[in-house]
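Inspection log for the structure reproduced underneath, given as structure tokens.
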């Protein structure tokens, strides 16, 4: 239970990422100064939790000192590729809180194997803007399963968070808001309905984001009608993400940044580059500034001035996706019915 009486409770998955950190600080900036806030930081490991809490505290002191005594921190250790870990996170939230106001589904995972450098050079030479907007040279492993025998990327990015929401719906009921972070690269071409767990897909990350889009359109009306929960779909555009740095050296990193700025200069609205600008749409959605029946993107002008873009999504197949997820949910309810674990164990 929060020590701050009647505080606003926000759970941000993947808080230790660049986007997760910026969602946290922008949410704190966007909420009224008289609001007491409990920020529930999540990560897979305790060191990352400690690091991001320290970083957020430093930001509060330097940028929003009016919030210094208004913010309390809590944490969850949760791995969305592990159903027992998800169940454990549910138990902990259920013990500590009566209501959750904001839930950001930002945790995302890919199974990258590196970069096709020959393909990357050719793409950049042929179409530099397309090469840094919809790249095809990121190599992804095919057929990777989790320990639960589910498609790993499917479980991490789609089913794991979906099951988590299923478990904590009663905490979000009557006013809670869910914000799903999708991607610019979530075209229908990345998903086969014969491979919903993405085990045969060479673009499983993008396919998982297409599934997120379809899941949203198949569930947001029911969530609001039956539970009073508002769900939103957003994407952060293109920004510098920590997850891919391991494949870049100093030259390729700055080369990438140069192409990002070039794309923005030539008119791309999606090359936000800054994680802070990328977090605009997620936080705007949480604060009720976007619509539920579209996908809202973080965007910016050539000079870096931020704004929001509304995008229409082809929702064909959304009912089939939700039906599949609900069937899996029932199966895992049965498998986990006698399982009790401790999320505080690092």
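Cβ coordinates are placed from backbone N, Cα and C, and glycine is handled just like the others.
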For the NADP(+) site that Swiss-Prot gives as 19, 48, 205, 209, 241, the extra residue out of 38, 42 is 42
Which range, 242-262, 263-283, 284-304, does Swiss-Prot list as transmembrane segment? 242-262
What's the longest C-alpha separation between any two of 19, 42, 48, 205, 209, 241, the listed NADP(+)-binding residues, in angstrom? 25
In Å, rounded, how far does the Cα of residue 182 (active site, proton donor) sit from the Cα of residue 48 (NADP(+) binding site)? 23
In whole Å, how far does the CA atom of residue 209 (active site, lowers pKa of active site Tyr) lie from that of residue 19 (NADP(+) binding site)? 16
The rounded CA-CA distance in Å from residue 205 (active site, proton donor) to residue 272 (N-linked glycosylation site) is 20
So if I measure Cβ to Cβ from residue 19 (NADP(+) binding site) and keep only same-chain residues at least 6 apart in sequence, which ones fall under 8 Å? 106, 181, 236, 239, 241, 275, 278, 279, 282
Any idea what DSSP makes of residue 272 (N-linked glycosylation site), helix, strand or coil? strand
